[in-house]
């Protein structure tokens, strides 16, 4: 029998590693999306479980306010855990490496999945709340930090797939029923288990091994496994040079980031875009989709299928955004997306207010929600995280991601916690708040945010230098002067 040659073996190994890496990236984003949407469909069954459990303990039922509060806490613990996780991830990667952090992350995902699966048997809704917090911690790291352009939108596509799968599994004749809701919650552990099985195929990060662990031999071996060839001397030297450039540039902390005039408008823009992304109401749609559609007059039996249809449209539009982001640019997609969301929220408000007097208003309400989802998927969902990678250099990017991630998760937490009470208080006018936020974000983007498509870091820096009224090279020199030209042209 003919033996397999070294080139063929190396090619096969590289293919396995690439596949494993893709599955890992998919798994993390999928879990994020799945856990955003998973509590929507079984909401009424789970609320009944909360009420019955409380009754078994106290012989009284929860008041409407208490039940709504308990449920909104259950929903919002996921983004609150995400906020905690976003603060932990940098420390964990430095201490454990990327591979060790993935391992710990997956354990954190499997344990709460088991807890949620056992919550009904244990008659404990507290287990669900705790598990949502732990799963959120696992999701605390946002999209990969150094992807530009179309690649930067791919994690958002994986998130929408997770949302859609949760909505499909959440059909009442599948798992969103009294017998299956705990399984529906526990499914989140399956991608984590798959990643644990794949981790042996992963080499540790060569950069971590070379820079953090000072282990040249292991770093070389990891690079050879990743590339599929023996000669990696040039890449090893590039890693060393990049580390030296970063050390020369210095690390800009979060506190220093807020103090630097040369990064003022970049930071403000990130805060506005991340806040606008979440406070515009997108996760209210996914957390409480069925409730929104029922309030819009959709038949209670049909609402589950409308929700799944909305999720499918979300996946398709995000897939298109992967290609459109380089064609139309970031700024136009943000402006277009938020404008569509603003219009959809305004028309939806009118439709909800008139639904009792006009028979076809429920159909208009459905069209508005779908239009909102399309608008958000075009720009507001994928672009803000991508924007950070394009306006901050390496020395300040990790701190910028920490700020942006904190705004993202805390805004997400706020919407998840307060939206049920907004619906009670404002009724059909609930979406006016989201319309105002969409409008303000659109105005800010139009006036302030520049286009970053096809521009180098140096060109983008020059744009913001004029806005910040500083010289074209930062006075503090942390960001530019010690970087080689190749680093600035990435």
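Cβ coordinates are placed from backbone N, Cα and C, and glycine is handled just like the others.
Note that the coordinates shown come from a computational prediction; the quantities given were computed from them, not determined experimentally.
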**OP:** Check each of the ranges 303-325, 372-394, 464-486 against TrEMBL and return the one annotated as transmembrane segment.
**Re:** 303-325
**OP:** State the residues, same chain only, that lie 6 or more residues beyond the ends of the transmembrane segment (428-449) and have a CB under 8 A from a CB inside it; answer 'none' if no residue qualifies.
**Re:** 265, 268-269, 272-273, 275-276, 279-281, 284, 295, 331, 334-335, 338-339, 341-342, 345-346, 348-349, 352-353, 355, 380, 387, 419, 422, 467
Subject >> Candidate ranges 181-202, 267-288, 303-325 - greatest C-beta contact count to the transmembrane segment (400-422) (under 8 angstroms) >> reply: 267-288
**OP:** Grab the same-chain neighbours of the transmembrane segment (69-93) for me: Cβ-Cβ under 8 Å, and only residues 6 or more beyond its ends, written as numbers and ranges.
**Re:** 35-36, 39, 43, 46-47, 50, 62, 100-101, 104, 125, 128-130, 132-142, 208, 283, 287-288, 398, 402, 405-406, 408-410, 412-414, 416-421
**OP:** Please average pLDDT over the domain 'Major facilitator superfamily (MFS) profile' (21-453) for the predicted structure.
**Re:** 83
**OP:** Select the range from 150-169, 267-288, 332-354 that forms the most Cβ-Cβ pairs under 8 Å with the transmembrane segment (181-202).
**Re:** 150-169
Subject >> Leading stretch by Cβ pairs under 8 Å, where the reference is the transmembrane segment (267-288) and the options are 150-169, 303-325, 332-354 >> reply: 332-354
Original post:
Same-chain Cβ contacts of the transmembrane segment (332-354) under 8 Å, 6 or more residues past its ends?
Top reply: 273, 276, 280-281, 295-296, 321, 324-325, 361-362, 364-365, 368-369, 371-372, 374-381, 383-384, 427-432, 434-435, 438-439, 441-442, 445-446, 449, 451
Original post:
Looking only at residues six or more beyond either end of the transmembrane segment (150-169), which have a C-beta under 8 A from one in the stretch?
Top reply: 25-26, 28-38, 40-41, 142-144, 175-176, 184, 187, 286, 289, 307-308, 310-312, 314-315, 318-319, 321-323, 325-326, 377, 381-383, 385-386, 389
